[in-house]
C-alpha cells in the first residue's frame, strides 16, 4: 500500500514536471516536433497589433431585408479584404446593424478601413443622364497600363452587360459616356468606336495603386447598405507586445505570491494546492490552444485573476480539514469530511461566478468577451484541479503515513 | 499555530453592531454619489465617444511640447505622461465631426517631431452612438446577473438569504462606483467587466457563510437564536473569508502594478470590489439575514397571539 502510493505520487510529480518542460520549451523527437505551448496561443489584436473597426449600417429597424443586407455587406467586405491580401482578417456581425472587422498587423489601417466602407456604386452614364450599365454588369476588373505607361483599369462585362454596352456605344458614338463611382465622375471618355465584346478600359487614375484600389472595389461589388465607422481601434505592434509582456509578468508575480502564501499558511496541503495550481495553469493553456480561444489583453487578466480564484476552493477545504482535525478526527477521516462538507459551498460559489461570466459573454463586445471566456474556463478547470486532483494527491500522501499534524497546519 | 487558533476561537459580535458598519458604507456611497452629481463620473471614450491616442515616444519628452503641437493645430485635448520611464503619452480628445482628419494630422506631427513609426501608436476612436449601447448593456447586464444570482441563491438556500446576498452585492457595486467617482478613475468597458466579475465573485464568501449557517442551524437550531448562529458562522468562517480574498487580491494587485493602462482600469475597481466584498460578507449580508428572519419571526408571533 505504502509503496504503491509512493510510486503513484512520484509518477504524478514526474509527469507534471515533464509536461511543464514540454509546455515551456517544446520537444523534438525525430521528425516529430512539439512547439512550446505559448507559441501556439492565438493572440488577439490588442497583443499583436492591428485594426479593429465597428461599422454601423444605415438600416431602418423594421427593414425585413436587414439580415440579408448585412450578410451581403459582409460578403462584399470579405471580397475586398481578400483582394487586398488580408486573408487573416475576420468579419462578424454584431447586434442587429453592426459589423466588426478585425485585421491583424496592417501598415495603413485607416486607408483599409475606408476602403471597406466605400459604397462602390459604379455607373456608366450616357449623355442623356441615363444609366447604361452598373458595377453588377462587370465580370472582371484588373489594373494595368496602356500606351505611355498610363495606369488604367481593364474591365470585362457579363454577356448581358456587354450587349447593353454595345448598343449604347453605337447610340452615343462620338459622344461622352461618364464613368461615375459613388457619385464622383472618375473618367469621361468619348466613344471612338462601337465596343461589341464588352471589354474596355477606365482612364483617369493617378498611379497604379489607385488603379488597383478601383479594380478591387469594382470587382468585389457595391455594398448593399451605407456604412459608417462608429469605433476604430488601431494597436501598434510595439505597444501590443509590451502589453503582453507586462501581462505575463503580472501572471508570474501573482502566481508566485499565491504559491508562497499557500505554502506558508497551509504547509503540506498548501504544497499540494500549489501543485494543483501548476496543473491548472497547464490545463488552461492547453485548452486555450486546443479550443483555439483567442487570447486578448483582458483575456490575460481573466487568467491571472482566475489563478487567485483557483485556490479559493483549496482554502475552503483546508480550513475545513483543520477544523475536523482539531475536533479530534484522524487525518483520513478529516480529509474525507473536509472535502465533502466544503463541496456544496464551492459548487455554489463557482456557479455564481459562471452566471456573471455568461452575462458578460452575452452583453460584452470584442475583448471583454475574451475576458469572460478565460474567466469561465478558469472556473471550470479549477473545480477539477482544486477538488479532484488535490484530494487524490493528499490521499496518496496520507497513505505514505505522513501523520504529523503540524504539517497540516494544526 | 497560536495566531490561527486565536482567529477560530474569536467571537466577535458582528450582528448587533451591524448598524455602525452599514453607516460606514453609507457614508462612502453618499460621498461618491455627491461627487457623481456635482462632477459626474470620469467617463472614458467607450461611453462618451472621442479619441485616445497612446504613443510610446521611447525617450524623455516634455508633455508641454505635445500641448503646444495641439494648440498650434487648434485641437482641444488633454495629455498625460505615463509608462515605466515616463516615455509614453496618452492624448485624449472629445468626439468631433472630422475626427479622422484631425487625429491623422496630429499623429503625423508627432511622428515628425519624435521620429516615430506607426508601431508605436495605438489609436482608439469611438463614435458617440456606441456609448449609449454600452451604458444600456452595462446596466442591463448588471441587473440581469443580480436577478439570476438571486434566483440561484434563493433556491439553494432560502429567499431571505438570497435577498441579503443581493443587498451585499448591490452594496459592492455602489462602493465600486463611489470609489471610481471619488478617485476619478477612467470608466470604460473594463470597469463594467470588473463590476460583473465582482458580482459573480464577491458572493462566494457570502455563500460560504450561508452554507455554514445552514449547517449550524441543523446543529444548534433549537439551542441558539438566529443571531447567535449567524455570529458563530461568521466567526468560524472568518479565516477562509479573508484568505480566499487574499489570494485573489495578490493576483489583482500584480495586475494593477504591472499591467498596462487598460488593465489598470480593470484591476483598480477589482481591488476595491474585492475588499468591499469581504466587508459586506462579514458585516452586512449575515446580520441582514438575521434582522429579517427575526422581524419575520416577531410578526409570526404577533399574529399568532
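Numbering starts at 1 and runs along the chain as it is shown here.
Including glycine, each Cβ sits where the backbone N, Cα and C put it.
All TrEMBL annotations are machine predictions without curation.
Taken from TrEMBL as is:
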type	residues	note
DOMAIN	A:72-125	domain 'Protein translocase subunit SecDF P1'
DOMAIN	A:130-225	domain 'SecDF P1 head subdomain'
DOMAIN	A:226-395	domain 'Protein export membrane protein SecD/SecF C-terminal'
TRANSMEM	A:7-24	transmembrane segment
TRANSMEM	A:248-268	transmembrane segment
TRANSMEM	A:275-294	transmembrane segment
TRANSMEM	A:300-321	transmembrane segment
TRANSMEM	A:342-363	transmembrane segment
TRANSMEM	A:375-398	transmembrane segment
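Look at the domain 'SecDF P1 head subdomain' (A:130-225): DSSP puts its residues at 32 helix, 35 strand, 29 coil.
Secondary structure by DSSP for the domain 'Protein translocase subunit SecDF P1' (A:72-125): 20 helix, 16 strand, 18 coil.
Taken together, the residues in the domain 'SecDF P1 head subdomain' (A:130-225) have a mean pLDDT of 87 on the 0 to 100 scale.
Contacts between the transmembrane segment (A:248-268) and the transmembrane segment (A:7-24): absent, as fewer than 3 C-beta pairs lie under 8 angstroms at sequence separation of six or more. Outside the transmembrane segment (A:342-363), and at least 6 residues removed from its termini, the chain residues within Cβ reach (under 8 Å) are 309, 312-313, 316-317, 320, 369, 371-373, 375-376, 379-380, 382-383, 386-387.
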